[in-house]
Amino acid sequence: MASVKLASLIVLFATLGMFLTKNVGAISCNGVCSPFDIPPCGSPLCRCIPAGLVIGNCRNPYGVFLRTNDEHPNLCESDADCRKKGSGTFCGHYPNPDIEYGWCFASKSEAEDVFSKITPKDLLKSVSTA
């Protein structure tokens, strides 16, 4: 009887050990980020989900953006997203190629004005021509 209890205890600890072992090679997608940094989270495997125009949170990209994009009033993928949310008429995409979404503005000129105050001029050229 004691050996059965001991065997059960060993199996329990072995199972817990498998789940609690830290994955040494894993990349952490947590923390604060800026959508203007390249790559924004220190790894191209993570995405920066903006909480504001210049600050966001690093997240694993799978499934997070679709939910966040719908919930956040200023995140957009197109001008139609901004109009649908009532946040503006122009989706100004971040000048960072690692960020696949943008921020809603009232107009293209407002987006260019805001981004020109934040980003280097060479990054802004790619936004204006897009």
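Backbone N, Cα and C atoms are what each Cβ position is placed from, and that goes for glycine too.
Copied from Swiss-Prot, the annotated features are:
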type: DISULFID; residues: CYS29-CYS46; note: disulfide bond
type: DISULFID; residues: CYS33-CYS48; note: disulfide bond
type: DISULFID; residues: CYS41-CYS58; note: disulfide bond
type: SIGNAL; residues: 1-26; note: signal peptide
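Residue pair CYS33 (disulfide bond) / CYS58 (disulfide bond) shows a Cα separation of 6 Å. Classification of CYS48 (disulfide bond) by DSSP places it within a strand. Rounded to the nearest whole angstrom, the C-alpha distance between CYS46 (disulfide bond) and CYS58 (disulfide bond) is 6. Sequence-distant contacts (6 or more apart, same chain, Cβ under 8 Å) of CYS29 (disulfide bond) comprise CYS41, SER43, LEU45, CYS46, ARG47, CYS58, ARG59, ASN60. In the three-state DSSP scheme, CYS58 (disulfide bond) falls into the strand class. According to DSSP, CYS33 (disulfide bond) sits within a strand segment. The 10 Å shell around the Cβ of CYS48 (disulfide bond) contains 26 further Cβ atoms across the protein chains shown.
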